[in-house]
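J.: Pulled the feature table from TrEMBL, pasting it below:
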DOMAIN    38-444  domain 'Cation/H+ exchanger transmembrane'
TRANSMEM  26-44  transmembrane segment
TRANSMEM  53-71  transmembrane segment
TRANSMEM  77-99  transmembrane segment
TRANSMEM  111-131  transmembrane segment
TRANSMEM  217-242  transmembrane segment
TRANSMEM  263-288  transmembrane segment
TRANSMEM  308-328  transmembrane segment
TRANSMEM  349-368  transmembrane segment
TRANSMEM  388-407  transmembrane segment
TRANSMEM  419-439  transmembrane segment
């Protein structure tokens, strides 16, 4: 009897069920396609038009065509889209790495403008798309099933810009101001769109009253505040634990594992408490890069930096590859085959509203932001505004996931009205990513010719994990002159954990605001200065950070690559 049972177990281990074999085949093919995307993307890296997202989309489309032919038109993809899989596993590494790698000085220096674009601008786009579609869809047939709540959901779905594709187009060293605005707006925009979408599901908008509108606004503000606070709290907790216990004394593996797990824990806690995981994990990434990253050993710094970037990169390729394959899903297109004109009309109307909604807030809010910027160099020029408007026209995986959540069930839909919404979303994502993505790179080169912003590079390097050593800027010497080697001395040793930027400001004799009047006239620089003082006096002594970490004897021997 025992021999028979053991034989059965061995046979079951050696043989897979048909369903398991299909899953293994699908995953193997998908991993192979990911490798192909990376190789082809590397070969086309210097191409003027193509970027990684377009490459992955194209490969996904070609794979979908091959699958359609080999399965005799039964299916075009090997994995079924699951919005929960997307939000739980694929999106967190992308958003966390964005916060972890961000140039914090540029981001917070433009924080008010980013908030204007990401929150106020998203709300403006949301209302234009919602109300515009409610009026214009009346001209079409087969969309009478939509209720007012559905139109508001469409507004939230198509207000979400594709920050992933935009980040591949811009470079934060070439255009630091433009990158920080588009990048920051993209993250805040995604968070606002998701929060809007989730909040809409909790309210009955068929009979909107002032009380419901007030509750809606209060819920949005509460979600934003608590999500940000949770991300900061988890980031500070990780910094405190690693600083106090100093895992690297015995094993760098433990501190790397703890950083990765606590970053993911912040996102899951936000989902557990029905908060915005995007905002939470983004600000957790910023806090970890400011405190936690400086508390680990040198080997762990290199490991975590590349580990987070690698996970984010694979997730981005995965998203665009699947979108390309899912674009040819025969189930959805067969459901709308009887009314192709309606599907085209819906896509055209929504695309027009996206373009209009984007323009309706980028240019007016840029004008308002410029009123608060005293220096002409800090103002957002017209060419930059055009670039911001164009780069934000792309729609991507967040819009796809929200559309599936609203109009599909477990990735499937056979209802013609819902299928129209899904196929229209796919069409818009493909058109925006391919057409707008192809034009964005040469458009930026035309509007903003490439130049080397040395001063911006110095400022950004000071607040990034890449900082190692900078030339000392003597009193009266320009930064570019110092960088060119005419004054290439090294930064003196910092006393009592003094921050390098504070030391440089002291060397240069930089004056800082000492009155409320000066604080109001130069708020961004003043707030940053006073935050530095508070950070050095209270935060870094407790949570660690650059210049505040004591090396404990017995830690692993580390070599610094020159």
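Using N, Cα and C of the backbone, Cβ positions are placed for all residues, glycine too.
Please treat TrEMBL annotations as automatic predictions, because they have not gone through curation.
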J.: Can you name the far-off residues of the same chain, 6+ from the ends of the transmembrane segment (217-242), with a Cβ under 8 Å from a Cβ of it?
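T.: Non-local partners: 119, 191, 195-196, 199, 202, 255, 258-259, 262-263, 265-266, 269-270, 273, 275-277, 279-288, 291-292, 295-296, 542-545.
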J.: Restricting to CB pairs under 8 Å, which listed stretch, 26-44, 111-131, 263-288, 308-328, 349-368, is in contact most with the transmembrane segment (53-71)?
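T.: Stretch with the highest Cβ contact count: 308-328.
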J.: Given a Cβ distance threshold of under 8 angstroms, which distant residues of the chain, six or more beyond its ends, lie next to the transmembrane segment (419-439)?
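T.: For the transmembrane segment (419-439), the far contacts come to 49-51, 53-54, 57, 142-143, 154, 157-158, 162, 165, 169, 320, 323-324, 326-327, 332-333, 335-336, 339, 342-343, 346-347, 350-351, 354, 390, 393-396, 399-400, 403-404, 406-408, 413.
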J.: Six or more residues out from either end of the transmembrane segment (111-131), which same-chain residues have a Cβ under 8 Å from its Cβ atoms?
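T.: Contacts of the transmembrane segment (111-131) (Cβ under 8 Å, skipping residues fewer than 6 from its ends): 151-152, 154-156, 158-159, 180-181, 184-189, 191-193, 196, 224, 350, 353-354, 356-358, 360-362, 365, 368-369, 372, 380, 388, 524.
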J.: Can you tell me which parts of the same chain pack against the transmembrane segment (26-44), counting only residues 6+ beyond its ends and a CB-CB cutoff under 8 A?
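T.: Here the qualifying positions are 50, 52, 55-56, 59-60, 63, 78-79, 314, 317-318, 321.
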J.: Using a Cβ cut-off of under 8 Å, list the residues of the same chain at least 6 residues beyond the transmembrane segment (308-328) that approach it.
T.: 30, 33-34, 37-38, 41, 52-53, 56-61, 63-65, 67-68, 76-79, 81, 86, 90-91, 93-94, 96-98, 100-101, 164-165, 168, 260, 263, 396-397, 400, 426-427, 429-430, 433
